[in-house]
Amino acid sequence: MLYDSNKKQLYTCSQDRMVKLWDPKTGKCIHTLFGHEYGVIKMVLHKHFLYTASWDGRIGVYNLKKPLQMPSFLEGHSGKLRCLTRYEDLLYSGGNDGQVRVWSLKTHKCKAVFKGHKKPVTSVIVPNKYVTLTCGEENQMFRWPSSSVISSAKSKQAFETLALKEKQKIELKRDHSYDLGSKASEQEVKIIINGEKFRVSSKLNLLEACRKVGFDIAALCYHPALGPVGTCKCCVVDVKSEGSTNYKRACACATEVWDGMDIRTDSPQVREQLMSAIADLRKKQKNRSLIMKIAGNYDKRGDLSLERYIKKGESRLQSSKYQISEKVFDDETDSMLDLLIDRVSNRFIDQTNLAIQVDHTKCIDCTRCVNVCSNLQGMNVYSTTSTSVYVDSLMPSLNTKGEFLSETMCISCGQCSLYCPSGAITEIDHTEKLEVIMKTKKKLVIVGIAPSSRLSLAEIFKLTPGSLTTGQCAHLLRLLGFNRVFDVQFTADLTIMEEGTELLHRINDPNSILPMFTSCCPGWINLVEKQYQNIIPHLSSCRSPQQMFGSIIKNYYAKKINIDPKDIFCVTVMPCTAKKKELLREQFRNPETGLRDVDLCLTVREVGRMVAKRGIEFSELEDREFDNPLGFSTGAAQLFAGSGGVMEAAVRSAYWLKFGEDFPALQYNAVRGLKGIKEAVLDFDGRQLRLAVVSGGKNIHKFLETWGTSSFNYDFIEIMACPGGCIGGGGQPRSNLDIVPIRLKSVYQREQKMTSRSSHDNPYVKKLYQDWLKKPYGEKAMMYLHTTYAPFKFKSNLIKEVKKHEEINKGLTSKNSFLILYGSQTGTAEKAAEKVADITRSKKKKVRIMEMNEYGPPINLKNEKFVIFVTSTFWDGAFPENATKFWEDLKNLQPMSLTKLKYCVFGLGSSTYTRFNNAARQIDGKLKELGAHEIIEIGLSDREDKNGYLTALNPWLKEFERTIKKVKKRRVWKK
């Protein structure tokens, strides 16, 4: 609790992640501040900023002049924060990582770090500017000479060194701990698992720590790249602190290890919890075979599988076995007929996306798709509340403007399919179609493999990425039945020749459009056409290497070998799911023959399934050459596999095209690595060429925040939708978190070994220009190697726009009616809104009722007289899908912009969640800030009441009815 004596406001924080501002006189909440992912434990007030310390390891910075804005964050701690202290213009934070960080309240940057505590820091005391005292859970106090360093201009590293040399340690109590043979390091803690003693890294959570020392705890929702979720409850263990007598239940994935922690993974209570979790999964899945596949090892997903714990009524939990009294699975009832009936009658598979599919009946509510789509890619397509009419089990409900995945903002990157453990979201499988084509033997089946796919094929055989040689990759594809095996790296070289020439053309032409964005990533193209349509003129017109490959095969190679293009079936092996959708674009269909350039795209996972089906072993693979002329490539093409590779390859050839000599440093380190956003400046004939490289959806959104402003000042930008580029593509094999850096390392190693390292040195590319294309960026090249883009049209949006215009044309002007706007996730709030509408009509009032997102820009509310908002809150504080856009736009309105509006709000929620009715409270608070007048007090219902939401709605409706009686009858408008 914190009191501001100047403004006479009270601030409270709690584990529900919210900070509330109260008026002590009235006892009413003025504002609610959101932003943190976990509970807020400490607050510090300085001027008009509120600083909050949270268990998510971040310090929230709230601008109290704009209380409804989301906070910025000070990040640096690797664990939960435990304390927050201010002295003058410095802020001190201590956390579970044993560090104390010193922040400048003027610049909001970290000035120094105190390192020395082996356990969490519990308090920081700054008695004066000369000394800082810190206390930790190891019962030790450290004294640091602060001012002598902070007041000088020394670096942070020098500060740490000096502080560690001059610190005076005062032991208040001897550390009582058991001896494991030697003293544990600062990076390790001592724990006990089922009576055995271990040392593990303090940076691990309990789940990872147990797995590292050989205790395979079952887990379903957890993935190391996504952080803890704790929804599946399969990883529950018993824990206690040293000296404590009582064990407490904890989710291993969401619990940090501490020194002296005692863990039990095989207690009866833990066993019971796992069986309960399995039973819940049994309810969601209709047959045993789906249950046995849900957790990861199926289809080589690489995650820990529950299958090892469930077998014929016996559960193997870590080190113990026991018989369960009730049989969970019944093998005898799962006949093939039962499975077929179940699959036909209950399954709904959404394949409208054309690249990935959602099998709703396989969803086990792990929320991985939600986390990866929102937190990793920033697309927010998925939510987890069931609203589908197709099946009655819990499934991922699409956060959508339309009914199907094709009508969402989905860019087909496939990251959700990469992380989904149950097979509910997968790439659309085309292996059966390919096998049918191969069996008929009526067509010449040609395959081309992408740069990153050549590396990750080794993972099919559980080898390190890049273990397969180029020749072994070619032999593997021949064993699968392909008649010609080519290398898409050839057309990657071709792409660079075209893109480098286009870049030079744009730089030299004062009337051309800059910056130029790369266009080889179809996920990025989908994002531009859906969300950033004003960037379309800035896109390079070059086709991707896949589409150049298909065009060369059907239009050049077919003539070269004297075969009708109709008799060629062109296949590519890609690390990307979006490539499946890219080949279906109408721009890539030959207008004369009607043939598509590429007929089919396989992901690396699909090739893995074909290899497993054929029973091909690694020992069978020999070195074979790719077929020519599309089998030779350079090191520049190999770089396409990783983020920054297209940029580096383009710089090499653009420099050669401009000056006729090789780029001085072939290895351009400025654009290498896995950093999400990279920038560089290149001296290009006296001109400073400003470059940028971005990978990952969330980084793209962050990078484009300044798009259209003077600060966005670049010439050439490479963007890849997947984190790390193609090596992290949605079609890659499922593996652990550290595989992407290994893949990238293999890219650089292969590139260095190539005899030719620049695209312009490819002799077959030179011959292609000589025999057919004539010159880069020429007339023929523009016809076969370049393309156009267009804004994506949402069908559902068009329908809503038509309805809106029809309504306006009928004369239903907003000033002459009561407007009811509702946000409903499951339909309950919509029913409540209809009850409000019935009451209003009974008083002979004109009523308009619609979803919030259908209404249009909220600024139009200034033309309304009376508006009733009815909204539910689903999950833990989230807005309904049909109200999210309206709320985002409403938040951006300027204060006091709706002073003439009269309104009331009714909310629906469930008290099983800490932030229930959050949506209604947020709307009510924002409307008050906008100057709107509340005609009756906000109504809040609880689904857990005896009569559900009606318990609160009925008295609220009576008060509403009495209020609208006082409203004078207005003139009926003309239709």
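Note: Cβ is positioned from N, Cα and C throughout, glycine not excepted.
Remote same-chain partners of the repeat 'WD' (1-32), defined as residues 6 or more beyond its termini with a Cβ less than 8 Å from a stretch Cβ, comprise 38-45, 50, 52, 54-55, 60, 62, 67-68, 914-915, 918, 921-922, 925. If you look up TrEMBL, you'll see 1-32 (among others) marked as repeat 'WD'.
Under the heading repeat 'WD', TrEMBL lists 74-113 (among others). Across the repeat 'WD' (74-113), DSSP classifies residues as 0 helix, 24 strand, 16 coil.
Feature annotation from TrEMBL assigns domain '2Fe-2S ferredoxin-type' to 187-269.
Marked as domain '4Fe-4S ferredoxin-type' by TrEMBL: 354-384 (among others).
Below 8 angstroms of C-beta separation, residues 220, 223, 225-226, 290, 293-296, 298-299, 301, 303, 350-364, 366, 368-369, 371-373, 376-377, 379-382, 395, 522-524, 526-527, 530-531, 576-578, 580-581, 600-603, 605-606, 609, 697, 721-723, 729-732, 734, 794-797, 800, 853 of the same chain, each at least six residues beyond the ends of the domain '4Fe-4S ferredoxin-type' (401-430), sit close to that stretch. For 401-430 (among others), the entry in TrEMBL reads domain '4Fe-4S ferredoxin-type'.
Positions annotated as domain 'Flavodoxin-like' by TrEMBL: 818-961.
Secondary structure of the domain 'Flavodoxin-like' (818-961) per DSSP (helix as H, G, I; strand as E, B; remaining residues coil): 60 helix, 31 strand, 53 coil.
The DSSP breakdown of the domain '4Fe-4S ferredoxin-type' (401-430), given as helix, strand and coil counts, is 8 helix, 3 strand, 19 coil.
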